[in-house]
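Following: one structure in structure tokens, then a few remarks.
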Amino acid sequence: MIAIQARKPWALIGLLMYIETIAAFEVAMIYGAIGLLYKLFGDPVLVGWVITIYLLVSACLTPLIARLGDLYGRKLAVSCVLAVATVGSLVSAMSPDLMGLLIGRGLQGFAGSLLPLCFGLLREHLEPSKQRIGTGMIAATASIASGVGTLVGGLIVDHLPWHSMFWFASVASFIAVLLSIFSLPPSRPAATPDRRIDLIGGTLTVPMIALVIYAIGQIKYWGFGDPRIWSMIGIAVLIGAYWFRHEWKRPEPLIDVRLLGNRQVLIANAVMIMAAYGVFQVGPFISMLLQQTPKAGIGFGLSPTLSGAFLFGAQVTALIGGPIAGRIADRAGPRRALQIGAFIAAVGWTGMYMGQHWLELLVVMLFVQGIGSVMILGATPMVLADAVPLARTSEANGVTAVLRQTNFAIATQLCAFLLSLHTVAVGDAHYPGSMSVGLAFSMLTAATVLGFVVSLMLPRAGRATAPAVHGIPARCS
């Protein structure tokens, strides 16, 4: 293999699109098996953990890996992450029980840190005009690969042993490892005198996030007013407060929370958090709704393959959202691209909520919200790129990624909890009832609409938004 040269921007963009495909596929392929998992485990909370463990690991490791990429080279970081994800796929493929599956899924979660590294490589090697187009295309790839993962997962569940999806993932990941080693251009480490790693800032996020997610999962069993629930949440809040103070005061923090002092960065991240509680939940939630038997009172009873095909079609259509976001950003600024994407997502989810018993309307709105979702993913890093120093590009995107993944993990478990409040027995299996599905649907739709409202608060171009960060004047767009 021959390393891609910086003068070949489309080849680099194409390679990074394939690498990001691995991360999206790793998390989404399990959606195709979600109906089967309900039958196997009989509890929405347990099924939620199969998804959540991936997201939890991603959220905790993304800022650390992004920082390592900034310090020692993003190419090396990408190769190592892909290697660990490959091992995780193999562990999942060979695991006979739930515990082994969770361990494998946790290792696969390393792949969740690839997106900020890919954005950093784009900014490192491409000129600005190509960066925005490339950012939009990679964001679109992350979306469409989720659809591919759901479709392939559904095909495997319908025709092969369901563990086969992990064998497929391990082969795809191994190919990506080879491509990253031999084809990515050399990556320049950041020119910074302080090369220390903030281990305290990185490790404290693990118990903080884990306690919140575990507490949500146990509400069903212990009750909402149980002191153990609120003790865990209280401890998590205390850890979070100490972590925030530690990161704020540290000269070279792992997660530079001071960047949130820039209004542009703060609001962009707030939009991403709302998306994590809303539009980004489309994979696990809509897959469940499409596959669930109508005998439970709500659901369409589609096969894993057909439900995956609908999601895949929606993600293919959503592919246009990435370039659209890039074009709008070039002409009207990233702020406008993010606002339009959030509006389209809100329209789509409102329509899906109205069509939760009407398949045709649900599918049409599924396609609409996908375009908005990709535009949000593509426009957010563009908004951030106008506000942070080049040397901290991966870290800034890492902050956004960890907020997105953290809240996605919490929202997934919260959604699983809502779905478990009222279950209906159909044969030997238990499925979420119409009341539970309605509650979860309401939460997801409200969060998506709120994300659009928050996006309207982004500052207009030319307005000062924050003091300098690390001695470099803040910019706005």
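The chain as shown is numbered from 1 upward.
A Cβ is built for glycine as well, from the same backbone N, Cα and C atoms used for every other residue.
Sequence annotations record features per position, and here TrEMBL assigns domain 'Major facilitator superfamily (MFS) profile' to 12-463. Per-residue confidence over the domain 'Major facilitator superfamily (MFS) profile' (12-463) averages out at a pLDDT of 85.
With a cut-off of 8 Å between Cβ atoms, the residues of this chain six or more beyond the transmembrane segment (46-64) that come close are 26-27, 30, 34, 37-38, 98, 101-102, 105-113, 116, 197, 201-202, 205-206, 209-210, 213, 217, 254-255, 284, 395, 398-399, 401-402, 405-406, 408-409, 412-413, 415-417. Annotation comment: TrEMBL describes 46-64 (among others) as transmembrane segment.
If you look up TrEMBL, you'll see 76-95 (among others) marked as transmembrane segment.
The transmembrane segment annotation in TrEMBL covers 101-122 (among others).
If you look up TrEMBL, you'll see 134-156 (among others) marked as transmembrane segment.
Positions annotated as transmembrane segment by TrEMBL: 162-185 (among others).
The annotation transmembrane segment is assigned in TrEMBL to 197-216 (among others).
Taken from TrEMBL, the feature transmembrane segment covers 228-244 (among others).
The annotation transmembrane segment is assigned in TrEMBL to 265-286 (among others).
Per TrEMBL, the feature transmembrane segment maps to 306-325 (among others).
Long-range neighbours of the transmembrane segment (337-355) within the same chain, counting only residues 6 or more positions beyond its ends whose Cβ lies under 8 Å from a Cβ of the stretch, are 268, 271, 275, 278-279, 286, 321, 324-326, 328-329, 361-362, 364-376, 378-380, 382-383, 441-442, 444-445, 448-449, 451-452, 454-456, 458. Positions annotated as transmembrane segment by TrEMBL: 337-355 (among others).
Among the features that TrEMBL reports, transmembrane segment is placed at 361-385 (among others). Residues 119, 123, 131-132, 135-136, 139-140, 142-143, 264-265, 268, 271-272, 275, 279-280, 282, 286, 289, 310-311, 313-315, 317-322, 324-326, 328-329, 334-335, 337-338, 340-352, 354-355, 393, 396-397, 400, 448, 451, 458, 477 of the same chain sit 6 or more residues outside the transmembrane segment (361-385) yet have a Cβ under 8 Å from a Cβ within it.
What TrEMBL records for 406-425 (among others) is transmembrane segment. Using a Cβ-Cβ cut-off under 8 Å and counting only residues 6 or more beyond its ends in the same chain, the transmembrane segment (406-425) has close neighbours at 43-45, 47-49, 51-52, 55-56, 58-59, 205, 209, 212-213, 216-217, 219-220, 273, 276-277, 280-281, 284-285, 288, 295-297, 431-437, 439-440, 443-444, 447.
Here the transmembrane segment (162-185) lies next to the transmembrane segment (76-95) in space: the count of CB pairs under 8 Å, restricted to residues six or more apart, reaches at least 3. Under 8 Å from some Cβ of the transmembrane segment (306-325) lie the Cβ atoms of residues 31-32, 35, 133, 136-141, 143-148, 150-155, 282-283, 286-287, 290-291, 337-338, 341, 344, 363, 366-367, 369-375, 377-379, 382, all in the same chain and six or more residues away from its ends.
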